[in-house]
C-alpha cells in the first residue's frame, strides 16, 4: 500500500502532474468550531478546512490516504513507518550508503509530537539543468557560450493545515525556477549588461542586432542599470508566484491541502540566492560568525503591510475585523473610554476613544508565536492557502498572504571558505527553541569532532541540530537538557557546506 | 517693509495662527508647461502650482511678498537682505553675542544659488514645557510627580514648490507635539507600565482606581506590553499627521504653499527621538564612529509602497500612469516586444511582453536625485503638498505621499558622551555633496581646533559643514576644493552636542 503511494508520487514527480490529494486529516478537529473570539488558543498553523473546490474522486482519496517523505531519504516501507511515528520521533537522514546529496549536504528531520497526523514539512535537493530557449535574443546562438546552465537547489517547505501544498511545492517549485531561467541562459552567460528589451518571439529571424533592441532615444536622461543578479532574483520571485498560481488552478480539480512556508536556496554562477516566504530561517556560519540570510514573515513583522491592506480595502475585513491594533481585546463596556492603539502608519502607540467599530476583532492580534492574522494563521507569506477561511465565517484570508519571497544574495567568490563554513536552513521547529548562537556553537562542536574531509560530518551536524531542538522524552514531554520543553513541531534541517569537500566548481 | 513682515510673523508664531500666504514665486515658471513625458528635466522639488483653494486676499499677498528666517538668527533688516542674496551666499548663524541656543547647539545655513527665489529651508530650536492635563487617569494628581515635563526640540524643514509649508511647520509642529504629550505627562513620569485603557473624560470623578481600568478578562492570553518610549513615538507620529491636516484645513482659506520635508529631534526624559519624513538626514558621530539616525524617503526607497498603492487603487493613476517600473520609457514601436520590468512585489527584474497600458508613464521613474513620483516630486514623505498636481493634469499626487515620519530612538543615558560627540542634522543640500564619513572628518577637524569647553565650537562646526557643501565661486559655479560642483540647494545644519558643556540635565 505504501509502496503504491510512493510509486504514484514518483510518477507525479517525473511527470510534473497534479499533486496527490488527500482527505481532511481527522486529527484537525478545530475546523469550524472556534469563533474569531476564541483566538488565544488558535494554533499557529490554521486548522484544515475544505474549500469550495474539494471534489477529489474517492478513488484518488483512497490511494493517497498516506504521506510521503523526500525521495532522497530512500525510506523503505519500515523506514517510512518509523518516520511517521509520533511516539518514537526517530531522526531521519539520507543513508550513509548510496549516493550523497550534492556538495555533501547534510539533512535531518523529525516528525512532530502529535500536532498533526503526519510530518507536514517537506524537502527537496536537486541539481537542475536549464536548457536555454533557442536564440532568445533573436540572433543565432553563439556555440562558445555553451548549451545551458546548471543550478543547485535546496528547498524546505513547512506545511500547515494539511500537507498538500508543501508536497506539491517540494516537487515543482524548482521546475518553475528552471522555466523562468530558460529565457536567461544566454543573457546570464554574456558578461555585457542584460538587454532592456527583447524581440517578441524568441528566434524571430530578421531582428538581428541586439544592440538595436534598445532604443537610443529615451525619455529619461539615463537608463536604469539592471544586473545579472537581479534577473535571477526576479526569476525566483516570479517562480514563487507561478507555483502559487498553479496551486490555485489545481485545487479546482484536486484539493491542494493547506499552505506552506518555503525557504529555497539556489546556487548559480558563483552566487547563493536565499529566498524565504514564511517563518523558516537561513543563517550562514562563517568562521564562527553568524550572517543572517533571511527574516521571518509573521503577523508581527508584517503588521503594517497587513493593516495598510485592510485600510485600503476594507471590504476584505468583511465587517468582522478592524485594521487597528489594540494591546488586548476591547470590551463592549469600554465604549467611550480611551485605549492604546496603532494604525498602519504608526510604530508607536497612542490613545484613542473607543468607538463601536473598534469592538470588531483586530486583523492582527497576539504576540510572538501566538500572533495571528484574522485570528487564524501565524505566518503571512508562503504558498497555497487558497481555501483558507476565517473560522466560522466565509471570509478568505489569502488576500492578506503574500506568496513573494525576500531574496538575499551571497557571493561565494568574495570570501575564502573553509570546510567548517556552512549555510544552515531550518523550519521553525528548529528556531523556536534554538538561537542563532546555539546553532553556531553546535556547528563548531560537531564539525570539530570530524575530519574536515569526512563528508558525513554535515549529516551528523544536521542530526545534532534536530536532536537538540527535539530533546528527549522526560516528565511527560520532550525536554531539552535545561529541562525546558523541546519543539513539538516538525523539525527539518539542511546543512550546506560552503567550502567543504563536496566541491561544486 | 521687511520689519513689518517679521512682526507679522512673530505675531503668528506667538498666536499659533494661520501661516503667511504668498503669491506664486515668479522664478518657478515650469508650473504647467511640461507634460509627464518631459520628466527628465523635472526638478526634484516640484514646480509651484496654485491649487483650487488659492484665494488669498490681495492685501495679505502684498504684506507677505517676502520671506522670513528663523528668529534665533536675530537678523537685522540688512542681515535678512544678505541672507536672501543668491550671489553672495553668505553663511548665516546665530550671533556670538546674545543668548545661545539650548545645549550650545550650533546652527548654520545658506541660501540656494538661484534655484528658488528665497531660502525654502526653515529651522526651529525650542525648549518646550508640557503642562499635563488635570487628572488624566481619573485620580487626583499626585503632587510629588511634579507639574509637567520639558522637552528640547530641533526641527529642520526643507520646503519645495514654495516656502509656506516649511514656514508653517517650523512655527507649529512642536506645538502639535506638545499637545500630544499633554495626555502623557503623568504616565511618562510613572515608572509602572502605561495603562492600556483610560476613562473617557480626563478628571471624571468616580472612576477612581487606575488598576481597574484594565479588564482582567482578556480574550488574548496576554496583553501586549507597551513601553513609555513607544508612547512618545506615537505622540510624535500623530503630531506630524495633525500638522499635515492643519495645512490641509488652512489652505482652504489661505494658501499654504508647497510642501516640506521635516526632520525633528525631541529630547525627553533621557532619550533622543529622531523623526524623519523626507530626504534630510541625521547622524550621530560618537568617538569618531557614525551612527545613522534616519533614512531617506524617496521614490527609490519607497518604490514598493508607491507601486502597491497604485496597484490597489488604480483610480489614483488616472489612466495616465502605470504602477509597473521599467528601466526606461517604453516606446510605442516596442509593443509586443519583451522588456524588463518590476512590479510592487519584486526586488529583481524580469521580462514581460509590452502591452498597450505599459506605454503609460511609470508611477516611479528615474534614478538617484532624478527619481520622481508621477514625473513630479522627488521626495515621498513630508508635510503639505495638498495642492500638488501632476503637470498638465488635474491628478493629485498627495495620496502617494506620506506625512508619517520614521522615528528612531537613542538612549543618551546608555553611553558616556564626550564633548566631541554630536548629532548632526542636515537638509539634502548638505548630504548631496557630503558623505557621512566626510562629515565625521569635519567634526574631528573643527572640534579639535577649539577648547572642549568653548561653546562656540558647535556653531563653527555647523558653518564649516555648510561652507564645505556650498564651496566657493569659481569657473562659473560654486565649486568644492576637488573642483566638483558644490550644492546649489539651500543648505541648513544643526550640530547638537551630546556631551558638551551645554549641560542639559
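Counting starts with 1 at the first residue shown.
Heads up, the Cβ atoms here are built off N, Cα and C, so glycines get one too.
The range from A:1-57, A:115-171 that TrEMBL describes as region 'Disordered' is residues A:1-57. For the region 'Disordered' (A:72-103), the residues of the chain that approach it from at least six positions outside its boundaries are 2-3, 6, 109-114, 118-119, 123, 125-127, 152, 455-456, 459, 462-463, 466-467, 470, 478, 496-497, 500, 502, 504, judged by C-beta separation under 8 angstroms. Confidence for the domain 'PPM-type phosphatase' (A:104-498), expressed as mean pLDDT, is 90. Broken down with DSSP, the region 'Disordered' (A:72-103) shows 11 helix, 1 strand, 20 coil.
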